[in-house]
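A.B. asks: Got a structure here, written out as structure tokens. Questions coming.
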Amino acid sequence: MLSTRLALRSNIPMADFTTWRVGGPAQWLLEPASVDETLEALQWAQQEHLPCRVIGAGSNLLIHDDGLPGLTLSLRKLQGASLNAENGVVEALAGEPIPTLARRAARAGLNGLAWSVGIPGTVGGAAVMNAGAQGGCTADWLESVRVAPLVGGVSFELSRDELDFDYRHSRLQDEELVVLSARFRLEPGHDPEEITRITSGNLSHRTSTQPYTQPSCGSVFRNPEPLKAGRLIEGLGLKGNRVGGAEVSTLHANFIVNTGAATAADIDSLIQRVQQQVEAAHSLHLHPEVKRLGFTEAA
């Protein structure tokens, strides 16, 4: 039995929970607002023998038009953070929005998260993906995460060294672990006005060079370093290329936007078209940053 704190809902359109604004219904949905509620929800799914998927802000996420069986756990209400301006330690729950945390850190004179202000994700998602932008990344400042097994077990802590960080990757992508919270160690003692100015400048740069006002997942493909995915795609004249309501952004070619009536199938088809054309032209396979849920085949 679930406690009365958790409202179990059924047949909920996941388009309302993703930044692409696509996705079919979740069979069951829970939105825990605390660590205890999150652990309770995981335990309930196990007791009911339900497959369980955990999502954050719904960025970097493509959910199938047919939706998701079992339980979907949205952590977007699992918010909260404490910042110590003296020693730079920041403790944040998994659903805390990264832009919110970046702004709070700036106001506290803490340097380290200014690069992240335009990332439309959560602390948990940033840890899983090793999110990064403008020369910074999560691994640079993350000290540890508290996680729980998706199925059974108690929560435990993993240090930065145990997370096996790489470019847009961590071991959390390979194991069935749910991020509950994270600890960052930032640089204290900076001028809040200066850090705020830098943070605001980073956001202005992102909004002027990326389709910030249209539904998207952020960057679709990992950069095949030292090359840039967006430049490869743009070089093939694919800006503005469309499948249904999905379009390669005319502002930044590594973004696919929902022009208003896109389906997950439209977006998936456009991703594959871009991959095929880049591979044909450059013998390079572009690997998506996007996590696909409800799809059977690999991208």
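Cβ coordinates come from backbone N, Cα and C, glycine included.
Model, not experiment: these values are computed from the prediction.
Copying in the features that Swiss-Prot gives for the protein in this structure:
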type	residues	note
DOMAIN	21-189	domain 'FAD-binding PCMH-type'
ACT_SITE	R168	active site
ACT_SITE	S219	active site, proton donor
ACT_SITE	E289	active site
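How about a rundown of where these features are and what they're close to?
C.D. replies: Annotation note: R168 (active site) sits in a coil segment as assigned by DSSP.
For S219 (active site, proton donor), applying a Cβ distance below 8 Å and a minimum sequence separation of six or more within one chain yields A229, G230, N254, F255, E289.
E289 (active site): 20 other CB atoms within 10 A of its CB, across all protein chains.
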A.B. asks: According to DSSP, which kind of secondary structure is S219 (active site, proton donor) found in, if we only use helix, strand and coil?
C.D. replies: coil
